[in-house]
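Only one structure is covered here, and it is reproduced in the block below.
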Amino acid sequence: MLEKKSVVIAGGGSTYTAGIVMMLINNQDKFPLKSLKFYDNDFERQKVVADACEIIIKERAPEIEFVATTDPAIAFSDVDFVMAHIRQGGLKMREMDEKIPMKYDVVGQETCGPGGIAYGMRSITGVIELIDYMEEYSPNAWMLNYSNPASIVAEATRVLRPNAKIINICDMPVAIKQGMADIVGLKSGNDIVDRYYGLNHYGWWTEVLDKDGNDLMPQLKEHVKKFGYGPDTSKDDNDNPLLMEQSWVDTFAKVKDIYAVDPDTLPNTYLKYYLYPDYVVKHTDPTHTRANEVMENREKNVFSECRNITKKGTAQDTTLEAGEHAEFIVQLAGALAYNTHERMLLIVENNGAIANVDDDAMVEVPCIVSKRGYEPLAMGKIPTFQKGMIEQQVSVEKLVVQAYIEKSYQKLWKALTLSATVPSAEVAKLVLDDLQEANKDYWPELS
Ligand code: NAD
Ligand code: G6P
Ligand code: MN
């Protein structure tokens, strides 16, 4: 019998919370729960999701104690895991992050370029607050953090809370590995054993094997060269297996061009913002960005389905479901709780994992996860091209965190200037000044 665990989901009102709840319920044999709590600083928003999840839990796993609260003392006491996914400023501020740079023909993106930097300056405060609550009320707990921009958040926690038990994670490699599995005819991304290195939203695969050790790279490269991680468009039966929205379909297809730059590796989709920023700007509607799509689709769908469940008083025929995003965080909690020694990509302090990158960079590499935490695997030396790109982007992220801590306008300007998405110091300043104005309720006051 596995010992039961207690979890708090911080950002209970997130569009991802219900999916994680569905996954937790489906995993009661592998990750049994004593209690599940929701914590959010927006009572009304969280209540919509919590009321529906309470019904789901009553119907499917009534033994789990459930509480939704805005009180940190209640939320963070007696928990083993904090699953965090907050969005400081909400999707409305994401919209600003995306639209302001576009005014100057610069990439406007949630986590990359100036938008990601602006979001980082908001997020640090919120995530540090969660860590402090966890350390006060459940000092032995682990925080598994999805809150973005994960690389800036990771660097900030490394500097500001160096001993915190936080693991920063990303679901993008997980989703790409599912795409790879589809391409080669495997059932799940979990059937793949990989070697990968880089930063969050900024990395490369050097090896992709199946569980028997067969090399899948040649077959994947053949496919990626023509279709990116998208489906084979020459076949009739290529219904989009991942049921992605068009903007994601385009992102998966654009990998073809990212791959062309370095055909020795397979890339993360997010590299398009750094390698093809001009293309991205040309193909983005500055009046209707991804934030608008998310508000019109995921947010609207999740919240209307939650209201629907509450109104009907039952979730028996609910359309809410758990995906890879939820699977990954629940798998990680299970590995830490029950010592499974699974191999997972995590964002950790380098300390030699990438031999020729600074020890104090926060990198994304495979780790072995067990009761004692995570142990990064050594990825060896990397080529000049990737090393150059990584050093540039690590410096951007470090400058953002220094700017936050020192409240330095100058350092933040340098961070934007150094980003490969920004053409000049002049444009960097124009974008920064607009972002600063839009973020005055969230950023530390800079001088
Ligand atoms: P959302 O706005 O729907 O949900 C975020 C919730 O956090 C809201 O209910 C909000 O009220 C709450 N919140 C904001 N600040 C808070 C604070 N300081 N304390 C407590 N609660 C707070 O956003 P979403 O689209 O569901 O995304 C949630 C987060 O997950 C975002 O940061 C997103 O980027 C991130 N995410 C990360 C990955 C990854 O790969 N790391 C994948 C998916 C989503
Ligand atoms: C992937 C990334 C996340 C990012 C999300 C954005 O899952 O790994 O870090 O937040 O995409 O997706 P969205 O649907 O909100 O644009
Ligand atoms: Mn991510």
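Glycine residues also receive a Cβ, built from the backbone N, Cα and C atoms like all the rest.
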For the substrate site, TrEMBL lists Arg94, Arg290; sort out which one of Asn41, Asn145, Asn148, Asn350 goes with them. Asn148
Looking at 7-25, 330-348, which one does TrEMBL call transmembrane segment? 7-25
Sequence-remote contacts (6 or more beyond its ends) of the transmembrane segment (7-25), Cβ cut-off under 8 Å? 31, 33, 35-40, 42, 45-50, 52-53, 56-57, 60-61, 64, 68, 75-76, 79-87, 130, 146-147, 294, 298-299, 302-303, 305-306, 320-323, 325-327, 329-330, 333
If you run the three-state DSSP split on Cys170 (Mn(2+) binding site), which class comes out? coil
Sequence gap of 6 or more, Cβ distance under 8 Å: name the residues on the same chain that satisfy this around Glu110 (site 'Increases basicity of active site Tyr'), in order along the sequence. Arg94, Asp97, Glu98, Gly116, Tyr119, Asn148, Pro149, Arg290, Ala291
Are any of the recorded positions Glu110, Cys170, Tyr270 near ligand 3, with a Cβ under 6 Å from it, and if so which? Cys170
